[in-house]
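Q: Heads up, here are the entries from TrEMBL:
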type	residues	note
TRANSMEM	6-30	transmembrane segment
DOMAIN	22-372	domain 'G-protein coupled receptors family 1 profile'
TRANSMEM	42-67	transmembrane segment
TRANSMEM	79-100	transmembrane segment
TRANSMEM	112-141	transmembrane segment
TRANSMEM	240-259	transmembrane segment
TRANSMEM	323-344	transmembrane segment
TRANSMEM	356-375	transmembrane segment
Amino acid sequence: MEPTVTATVCILIVFSCLGTLFNGFVLAVFSRFRNNHSSTTYILILSSVDICTCAVTIPLCIVMEILEFETDSNILCRSYHLLVTTTVPLSAILMVVIAIDRYVHICYNNSLFVSTRAIIVTVCVIVLFALLLGCLCAFGYGVEKIHPTFPKVDGNFSVTNQFFNACNNFPFSTEYESFDTGIQKFNLSISIEDAKEVSSDVLSSLEDFLNDLDVAICQQSYDYFSADFIDAYGKIYSSVYAFCCLLTICIYGKIYYFVASHRRQSVNRYHPNVLLRSQPSSVSKGPSREDIEMKSYQGSAGSENVIRMTFVSKREKMRRQNIRTAIMLASVAFVFTASFLPAWLMKYRFIPFNDFVFHLYFIYCIINPFIYSFCNSKFKVALKKVIFTKRRGAFNL
């Protein structure tokens, strides 16, 4: 194998092992809890798809890389393309669904996706769409027998003009010339006409040998679909990733804007000027004891400083919360973009193709458990209950 193929196989093995371990851990923890949270359900589905990718799709990809796509099995060829073009876009679309679910719950407090029926319908539509993409791609590929070609000769064993031109570039001449073989020195006298006759015999024998040498390659096939249809499908398939990437960035940007604005409004309610202006004035019939105490409290400079210090501390806390939220949301968008962007650019030849870099998009299988589970407060609660509780069975989350 070439060094690039070896490096690709090694990194795919790492992705397969770590992805199976991390996603299996998420399933083991979350599956022990009964909950009605749609976000948790979507995370469980995403982990299930990712563990299928790590346990089935990536190993099959390793096999094809080792074989260098040389196989005479149509089942193996089409199964590979079916799994890759089904599980990978399915995970990408599920990431977008999780983003939409978070946006709905955070910004609108809507319970539309909480119902089990809505979750089932959503997942079924996504799975059917991913299977459609996978099946179309699978039947667009097949095993093709490649016959190595060589300059053809006719019945009189005279080579083609292409070979004649090549012979004219050899260090031969119509005159006689001496050659040093590097092993034993002797004079080899040969004319260009003799070289053409000898080469004709060699080419004829070599052509007979190559005709018996067939190479079966898993490559694009036009048995079921035309070239125009396959080209259109490739553009649609690639646009799915671009659409998911842009939609994810926009959704998390909207979530951050909403959260930051909501926190700012909440803190402004406790602004010291607002508090002092909103205190009740003593214009009643007679100043009661409570009114006098309130006036004296409002007139205290020390108490006003306390209120201002409280406001500043809350604003600083809000700033830190916004930074943490921005980092978390930006990391999700960055991982999504960084995982699929290089392969997408190579697909359209914006950057040179590199087999190792191309397959780095599988890294999302390792990072997803950390982003959606290990950094999730519900997962932390579930993990603590699993570790510190000896009772078996399902828990309420």
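Placement of Cβ uses the backbone N, Cα and C atoms for every residue, glycine included.
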Q: What stretch in 6-30, 112-141, 240-259, 356-375 has the biggest tally of Cβ pairs under 8 Å against the transmembrane segment (79-100)?
A: 112-141
Q: Can you work out whether the transmembrane segment (356-375) touches the transmembrane segment (6-30), with the criterion being 3+ CB pairs under 8 Å where the paired residues are 6 or more apart along the chain?
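A: Contact confirmed: at least 3 Cβ pairs fall under 8 Å.
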